[in-house]
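Reading through the structure tokens given below for one structure.
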4 protein chains.
Amino acid sequence: MSVNIFGRVLRFTTWGESHGPALGAVVDGCPPRLPLTEADIQPLLDRRRPGTSRFTTQRNEPDQVRILSGVFEGQTTGTPISLMIENTDQRSKDYSEVADSYRPGHADYAYDAKYGFRDYRGGGRSSARETAARVAAGAVARKIVGDVQIRAWVAEIGGDAIDPARFDAAQIALNPFFCPDPVAAARWETLVDSARKAGSSLGAIVECEARHVPAGWGAPVYGKLDADLAAAMMGINAVKGVEIGDGFAAAALRGEDNADPMQPGADGVEFTANHAGGIAGGISTGQPVRVRVAFKPTSSILVPVPTVNRAGEAARIRTKGRHDPCVGIRGAPVVEAMMALVLADHFMLHRAQCGA
Amino acid sequence: MSVNIFGRVLRFTTWGESHGPALGAVVDGCPPRLPLTEADIQPLLDRRRPGTSRFTTQRNEPDQVRILSGVFEGQTTGTPISLMIENTDQRSKDYSEVADSYRPGHADYAYDAKYGFRDYRGGGRSSARETAARVAAGAVARKIVGDVQIRAWVAEIGGDAIDPARFDAAQIALNPFFCPDPVAAARWETLVDSARKAGSSLGAIVECEARHVPAGWGAPVYGKLDADLAAAMMGINAVKGVEIGDGFAAAALRGEDNADPMQPGADGVEFTANHAGGIAGGISTGQPVRVRVAFKPTSSILVPVPTVNRAGEAARIRTKGRHDPCVGIRGAPVVEAMMALVLADHFMLHRAQCGA
Amino acid sequence: MSVNIFGRVLRFTTWGESHGPALGAVVDGCPPRLPLTEADIQPLLDRRRPGTSRFTTQRNEPDQVRILSGVFEGQTTGTPISLMIENTDQRSKDYSEVADSYRPGHADYAYDAKYGFRDYRGGGRSSARETAARVAAGAVARKIVGDVQIRAWVAEIGGDAIDPARFDAAQIALNPFFCPDPVAAARWETLVDSARKAGSSLGAIVECEARHVPAGWGAPVYGKLDADLAAAMMGINAVKGVEIGDGFAAAALRGEDNADPMQPGADGVEFTANHAGGIAGGISTGQPVRVRVAFKPTSSILVPVPTVNRAGEAARIRTKGRHDPCVGIRGAPVVEAMMALVLADHFMLHRAQCGA
Amino acid sequence: MSVNIFGRVLRFTTWGESHGPALGAVVDGCPPRLPLTEADIQPLLDRRRPGTSRFTTQRNEPDQVRILSGVFEGQTTGTPISLMIENTDQRSKDYSEVADSYRPGHADYAYDAKYGFRDYRGGGRSSARETAARVAAGAVARKIVGDVQIRAWVAEIGGDAIDPARFDAAQIALNPFFCPDPVAAARWETLVDSARKAGSSLGAIVECEARHVPAGWGAPVYGKLDADLAAAMMGINAVKGVEIGDGFAAAALRGEDNADPMQPGADGVEFTANHAGGIAGGISTGQPVRVRVAFKPTSSILVPVPTVNRAGEAARIRTKGRHDPCVGIRGAPVVEAMMALVLADHFMLHRAQCGA
């Protein structure tokens, strides 16, 4: 089975390298007659786009998406939707150092071990640029799960967390960090700036919530909604951890404290807690679906790190070029996209097995 | 796509409910001419078997496995390997309370929302008994990845962690907790006993390491080794979080501290750290593959919890019966099995694309 | 991807060898709340069962099916349905000749080339006994497509065809050949008997029709209903050709003669011909879905055939034992089962993408 | 599962409509370090290209392929290979008649039944133009199965067959019919011309042979090489029948006449016949793999046919525009491509399970 395809019933394939002519996604299985134009996709791409603040890479890509198929007279036809984004700012530079030496934290060594060689220009297929294709595909998925509201934010940078008491969703769009806490956002300006100037980088934690997911999406055992979310999130570049609901904190709770009690409510059942993150037995409960995602610090840093070159000799490498000082920041729109894609897939999978 | 099948090239399907006549796994795609008998599988099942100490459920199941197909003259034939375990101790009891009311933390409500009804006896398909089938399948996977050494242990129960300085792999088999730290194991006796007697339950963290995984297994983007591990682990009953390598802790590190430097070594390249948990860009680096898995506390507790019944009326429920006070303990052999299954799948997937 | 799993959304896995303890199928993805008991499956197995007339193998298997999971209180639960059939009449005989020499027309040589060895007892995994598992799975599929009527018959044996003018569906159940033409059935008695006595064998053509398939099932390009039917039918033991509608005869027609004209009708549209076999562009049209399947003559014959043995030396082999003189006869219920399985899968796939 | 993706380990997705801006294929799972440039693909596209003789559609498409990803310094990298072909001659014409009325033999009515509407311009996704993407993908597959020789030819047009005694492979490239028999090719000039002038169309039979396929590719039961070939061929536009080896003719043979005897030979085993078409039990035997494919006559004809319009009223339709008088002719390169794609997939699948 191939490895650049994701999903069960709604499947998308991405293709493209950081420094190739273009990258894209093909979304297959989309329901017909959904209104879709490039204007539905572009704003989501713009949120992930590089070069919009000094806290992200200075590579300047318009990330203009084109719909090449699957849409007719403004509506999806049910056939594959081909989305393409041209690369315009692949700066022609000297890659000989990266070609020769393995950058620690990057996939360079692993690629060579697997494939025998690699496209070393800007990370090739492992570049975070690939996630633009996911965001484009995710925009289609959002159309499919129309009523579901998906929102991600950065909850922690470099170990400095937001204060949940100050959570204000309206703030997320108002700062370059997708930060719901304006006080934390102010601190992060200094923090990220300082790391950037030091040629270093920072990790981050992204949280994502999907509201109005009906109870009943997901499936037991290997098609669990949480298992698919875990794969989706862990597959994002630089991600090293995934939690559903309370995640690791649940491991320190007692059963009675971790239970989400129920009581009669407006929709028949009302939960009075959500430790489970909206999923039980792999199936949505109707509560908000909550996921937390840990991004490691960007591996491309100016601080020199010991390494070896392709000849097996000791070397030191500094990764020059234009990089995000904290790759987790632009991870937020990608986490949203993957949430949308997994939910859309499970909506359709549920419809396949259980009808409307 | 169906939801009780796991894997890409090596695929296994499990079937069976807690209180049905039997449960089983069908392993499809296994390479031919591997020596395999029931005696290869039984010891692994015995480690997961209930009723072996007072710290696990008192349900008494021999969990005797039968190979029904796919093996001839002691060797795998390359055809599907059907493994069956009969249920012998499904105690005939009164399930009317569980049939009627939704147990918080369990999948009861979600199942009803999805399927319109459910097999309520002992959790039905969502019972942890299903994991016996995974352990059996995992025993086959271990044969496929012969040289890889896989080892899981419990690193924390109820918030009480082992001391890494006292880690002794030989201890894991010597206590009922799969605990590598004898001092922690002694503490846990009291801790788990006390929770059990209180009719409560505890969460746990399981760690797993696979040594001698060659560099080059895995694949970029959606077939990432870590993404597949995340799905495999998050799909285990009661799991709420997964970390690869440093996981969430990496989010608080700086780039230079999170890098895994390389130097010339015996095998060409030697890493001097393993923050990444043996995986870069979704591909194994040759270092130990390390994963951490958070189990929530068992949802079946005697402490009464507010809930609703199928008629939508308020109720309180206590889950009587025989339950694990800490389901994470018996999770350790399941985590090992899933690690083996994912690695075997990627070994074969790598061979498909890149040859030997 | 594994090779003993069939289907897209409704998937089934079969396992088991001719001379192992049992064989079975696991049906995954079945909708919930369909009434299902062993009594729904057994009559279909009985139609395929060996030993019911002198025109089929004299192996005497009751083919008693057991449902081991996925059904609760007489209804499907939505979880995997495990179906098992025990082998009871695997006669202990001397297989040394078959173990040593390759039977032409059988998979013996190909298996050895692929796997390095094989379970030679009664054809192992390649035995037509495996099709019992498909018939059992097909019985579940029929429940899913409740209103669709599926009917297969034998249209030709040894080159002797039925007379379409004498087609009488009621006859199919009244003779041991699934023959809708009583005159042909009478001729076939003599024909098959004479082949059997000569230690020879005959080929056959099976036709199958599914009525009341709604327009709109199937999908363009690679999920075509006809492509999936072709795979399903070509995957049956001994099948060498598949036609949809007019099949090869269409290649000799002119466009205007092959067109299926439409006119206003009771359901909006009425077709006045069905050259296409109810499928256009891979999607059902609402007309009967028609498929024709060619079975080669049974390869197990008493007539000696030149071959080589495992040592590469010339040999001659006669396949003693109990064999069907015309394996196509018992192919009819298998063709029906595969038709049901493909249609059920596409019904669900259609529901996934397009709703009700 | 999606429906525009084909393959198991080597998977390709195609996208694009007849009258969209472009069409393409993404080939995922290709082994690394295979030399590949556009010059490897273009000649195969040129063979399928429209407008090269008066016997094919007069639509004039250069079908220039671009490789957008997956190749670096002239070699495949192991990442997805994105291939794009721009549409240049989608003539802007009046489609109102096709938009309104259902063309018999086309997918118009079935699409509307499934999706509720359709891209009616030139057949949309169901246009034979989509097969250009398959031919491009097939060119990659040929690189993977380097030593295998694949050759297709037209064996019959409008019921007029070649004379096998005059079969001359060198002739195939010398006439516009891919005809190996120069006498038949001469007859077909008149035949096809006459159908074209009458506004009618003809069916055809294409044969394809793959030589030097090693014994052991394929797999039992549902991953049969012949079942996958059947799906691949039946999925080509206008195909209504598929045969492996003797196909339907085998159904009229006796077992002893259909057996392919073996004798000691240069490679250990030599077959003295090939009724089976090089496949036994779903696995290649080392003999040439032979398949026969029936194409119906082009449905787009000038002869008026009764139909209904979207309002359900009686209508008559003539399909004006530029169409192939015999779509089977250009089917030959498509059959070759699908043969290559299936074989490459099985080569890799075999390597996954059985090693080299």
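Backbone N, Cα and C atoms are what each Cβ position is placed from, and that goes for glycine too.
Annotation comment: TrEMBL describes A:ARG48, A:ARG54 as NADP(+) binding site. The annotation FMN binding site is assigned in TrEMBL to A:ARG125, A:SER126, A:SER127, A:ASN237, A:ALA238, A:GLY281, A:LYS296, A:PRO297, A:THR298, A:SER299, A:SER300, A:ARG322.
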Members of the binding-site residues set A:ARG48, A:ARG54, A:SER127, A:ALA238, A:LYS296, A:THR298 whose C-beta sits under 8 angstroms from chain B: A:LYS296, A:THR298
Binding-site residues (A:ARG48, A:ARG125, A:LYS296, A:THR298) in Cβ proximity to chain D, threshold under 8 Å: A:ARG125
Residue pair A:LYS296 (FMN binding site), A:ARG48 (NADP(+) binding site) - Cα distance, angstrom, rounded: 18
Annotated FMN contacts A:ARG125, A:SER126, A:SER127, A:ASN237, A:ALA238, A:GLY281, A:LYS296, A:PRO297, A:THR298, A:SER299, A:SER300, A:ARG322, maximal Cα-Cα distance (Å, integer): 44
DSSP state at A:ALA238 (FMN binding site), helix/strand/coil: coil
Length of the line joining the Cα atoms of A:ARG125 (FMN binding site) and A:ARG48 (NADP(+) binding site), in Å: 18
In three-state DSSP terms, the structure that A:ARG125 (FMN binding site) belongs to: helix
Length of the line joining the Cα atoms of A:SER300 (FMN binding site) and A:ARG54 (NADP(+) binding site), in Å: 16
All-chain count of other Cβ atoms within 10 Å of A:THR298 (FMN binding site): 27
Residue among binding-site residues A:ARG48, A:ARG54, A:ARG125, A:LYS296 with least C-beta crowding, 10 angstrom cut-off: A:ARG54
Between A:ALA238 (FMN binding site) and A:ARG48 (NADP(+) binding site), the C-alpha gap once rounded to whole angstrom: 15
Fewest other Cβ within 10 angstroms of its own Cβ, chosen from the binding-site residues A:SER127, A:SER300: A:SER127
Local Cβ density at A:ALA238 (FMN binding site) - other Cβ atoms counted within 10 Å: 26
